[in-house]
Amino acid sequence: MDPSDHEESSVLYSPGREPKIVPNINANVRKETRWTFWLITTGISTTFGAAVPTGYNIGVINAPANYIKSWCNDTIYETYGTVFTEGNLETFWSAVVSIFLIGGVIGSLGGAWVADRLGRKRSFLLCGFLLFFGGVCFQFCQTLSSVELLMIGRFVVGLAAGLTTSTVPMYLTELAPLGLRGALGVFCSMGVTGGVVVGQIISLEEVFGTDDHWQFALSFYVILVVMFFVPYPWLPESPKYLFVIRRRHDEAVYELKRVAGSKVRDEYVREQIDAMRRECTPENDEELYGDGNSTAEKPKERTIWSVLKDRTLLLPLVLVCALQGGQQLSGINAVFFYSVSIFESVGLSSTDAKFANLGAGCLNLFVAFFSPILMAKFNRRFLALTSFTQMYKNLSENVFFQDDVEWFSYASIVAILLYILFYQIGLGPIPYFIGSELFEVGPRPAAMAMGSLASWGCNFIVAMLFTTLQSAWGAFVFLPFAFTCVALTVLLKESGWTCRLVALGAITTLGASIPVGYNIGVINAPSEFIKHWSNETIFRNYGHQLSDASLRAFIAAVISIALIGGVIGSLQGAYLADKYGRKKSFLCCAILLTAGALCFLFCRAASSVELLLLGRLLVGLASGLTTGVIPMYLAEVSPIKLRGAMGVLCPLGLTTGVVIGQVTSLEQVLGTEDHWHYALGCYAVLNLFCYAFYFWVPESPKYLYSVKGDQAGSLRAIRKLFGRHSIGDDYIKLQMECASTNGQSIDDGPTQASRSICSVLRDPTLTLPLVLVCALQGGQQLSGINAVFFYSVSIFESVGLSSNAAKFANLGVGCLNLFVSLFGPLLMERYNRRVLSLLSCSSCAIILFILTLSIHFKNLVEWFSYVCIGTILLYIIFYQFGLGPIPFFIGSELFDLGPRPTAMALGSLSSWGCNFIVGMAFPTLQSVWGAFVFLPFSITCVLLTVLVKLYLPETRGKEVTDVAQKVAQGFRSKVID
């Protein structure tokens, strides 16, 4: 569809029913889509009377902060005789700033009740009253020497802000005709953006941001509130609210005609009334088509709780909350915070940099003015996807190397300006009003309130965490924001994702994959503290003093016992997955991970090195079980076209966990002598959070049908995952094909018996796929990814970085690894596995060979150190194209259901076994061979390239039974059509 075409129909989500397609008004009625006096008046009044003051209170508080802090300190001393320390004063100021966000959260929660009980118009009046009251508090707080009034004012305007963002866009979109719904809906976002810029200007020292006048800066917006509430008595109420919620049909028709203008056609009014009738619940249809003066009982307002319980509203609610929360988590405020330092890096003074930052805000406002035109001309989906994809590109580019390459600072400025441009194309305006276009009138207020709650909640999180993360991560603090944009892009793609499928992927990733990766990444940084504690504890408990060699051997045992656990866990994966199911195997991972975390948390208090070793063994067992079962579980619940995208969630979680573990174990976080045990065990928070939803996720339908013979349970699981009228029918066909693989009828019960390791090893038809799985999973470790990370620290030191800076640079490389892995779901969905594997393996082989030569000669040729850095970065990128994600789930696409658990277990065993070999052999080989230690890794990649080229069939979009037949002839198989 052309992006400029209007939709032929709208999808509305209503309580208790499937989404319904509502046809848009016809071509003749479209002629009534025009701006009228009351439409313009209402848009201007709500924008300048509520939205602009909301943005104003966001932008005004920063510039006069030092003056307000000084006044607060003096006032508290005069009133209470207490002098704040610098730390206490900063904490108090954080409370002054953040109480506005807390008010926004509370105001959002109350938005649904207020909008339904008082109506849309009176909700706007309440916003104005709260804003006026807050302004009065600001104006008189200095005169009355009351910091309490300042706090009350910030809280009250926060309430108004939350109420504004949850009700005003809904009010405007319900007034607007279909053709102008988007154009009028963006007035709120445009007003907030404009208010931020106005607040920044008014708070400049050249205006009101001085020691004597800051209270005028805080309250200046009241002039707008008073001016633009003058026409309030004559503003129309929402016709949809009157018709559907209050059942006052005659008033609704009157307001509809008033909003549409004096020249409105009767045909247009009839179409609008019919559209409102379609938004009503079936039980009220008879009443609605009856007398306009019906005295039938008004329907109950939909509470937030009732909307949350309604499964038919789950998907649109996720979309609204994800878009509004993602709007904050996309980093717009962080970009403005960071831009000052970037402007300073190109030679601007501190004052000029602040004015340049204000200029960036003006650009933000300027682009926002085009939003009504964009919303009227282009589809929401097209604009949103364009916005997300371009934003994460600009967030991820340029800023990382601005200190190393002079012109990169200018490139960073361009990236910031482009980011702002694309932000206002979609992510800036659309989330404010999209809930009004996804929900019918009944659940709409609750949905808008939940979206506003997500927005203010995420805003609060960013405000609390950004400064700390920015000081620890530097420019890499933008990676989580880029990840948010990637996630939103995936969410909006038309690809068959359902809420339950997304939730299952998120729960397994957060609850198992990330903790496994966390335990890989967390152990290295605090190893010296652990070594010292272990030595003291062993001496205290056993009276034995370990020598340096014995102590190193002990720490090696602490690290390697997790790898041994991974081997053992892999061997048990097949038995558990077949005996107890995929879902219960996932639960077993949780139990082991939680038990391991408890061992870590209490080992220091109990003075027990045995608990430390036991904890490492338990998380190793969980790791082997996770890599053997979770990819299989995710692949089996996925439709064919999403199998790869779901399959890479496990390696994506592992990569994410490694980076989180590295960050948490830094001395600036928890990697200290007194807190290292908290660093080891704090991942348990993720376990407890995710496994609270354990009973909500379904078992694998394929496992229930083909292994357990539970047809009814399989259908229930399918409907849980995909709904009754969606992709479930295609999935049922897939189940029937599962049954047909053994020539049995659907009613014959279990169709595929589980296979033992010995039976799989003896079956000649399974030899080639088993070799492929084990070679790819083992080769993943033997390709040298961990060795590259180990060696990169010394390479960074060789180009002049300090030891500490080199460690942070190495962490940055890990973040790059994570960032590239975020594209895994998109790559698996769009490109063939075979092509990606060949590209990845062959590129890694060449890059590792170049890395070997550049490391060997870097002392002879000065710039070879930079070649080393470049090759490391390229290696990580190409590794994540195929060799990183594909081996984890390829077994699920090569094996039928019967031998699949055993094959996945053997592949996981190969992975952990090779990981153990590399961990034990690499330090010794590196000390003997030097740079040439990378040659075996390069040779491994060459061998994998040959194996993939000759024997790996394409599995993307193919039925497993078709793929299995291609490789059934062993090494005589012809895998290329």
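Here the Cβ of each residue, glycine as well, is placed from N, Cα and C on the backbone.
According to TrEMBL:
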type	residues	note
DOMAIN	43-498	domain 'Major facilitator superfamily (MFS) profile'
DOMAIN	505-956	domain 'Major facilitator superfamily (MFS) profile'
TRANSMEM	92-115	transmembrane segment
TRANSMEM	124-145	transmembrane segment
TRANSMEM	184-202	transmembrane segment
TRANSMEM	355-375	transmembrane segment
TRANSMEM	407-434	transmembrane segment
TRANSMEM	446-466	transmembrane segment
TRANSMEM	499-518	transmembrane segment
TRANSMEM	553-574	transmembrane segment
TRANSMEM	613-634	transmembrane segment
TRANSMEM	646-664	transmembrane segment
TRANSMEM	808-828	transmembrane segment
TRANSMEM	835-857	transmembrane segment
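If one looks beyond the transmembrane segment (355-375) by at least 6 residues along the same chain, the residues whose Cβ comes under 8 Å of a Cβ in the stretch are 59, 182-187, 189-190, 193-194, 196-197, 200-201, 336, 339-340, 343, 348, 383, 416-417, 420-421, 423-425, 428-430. Confidence annotation: the domain 'Major facilitator superfamily (MFS) profile' (43-498) carries a mean pLDDT of 79 in the model.
The transmembrane segment (92-115) and the transmembrane segment (646-664) are not in contact, since fewer than 3 Cβ pairs between them lie under 8 Å (pairs 6 or more apart in sequence). Residues 472-473, 501, 505, 508-510, 512-525, 626-627, 630-631, 634-635, 637-638, 670-671, 679, 682-683, 811, 814-815, 817-818, 821-822, 824-825, 827-828, 880, 884-886, 888-889, 892-893 of the same chain sit 6 or more residues outside the transmembrane segment (646-664) yet have a Cβ under 8 Å from a Cβ within it. The transmembrane segment (499-518) shares the most Cβ pairs under 8 Å with 613-634, out of the stretches 553-574, 613-634, 835-857. Long-range neighbours of the transmembrane segment (835-857) within the same chain, counting only residues 6 or more positions beyond its ends whose Cβ lies under 8 Å from a Cβ of the stretch, are 776, 779, 783-784, 788, 791, 795, 827-828, 864, 867-868, 871-872, 874-875, 878-879, 881-884, 886, 930-932, 934-935, 937-939, 941-942, 944-945, 948-949, 952.
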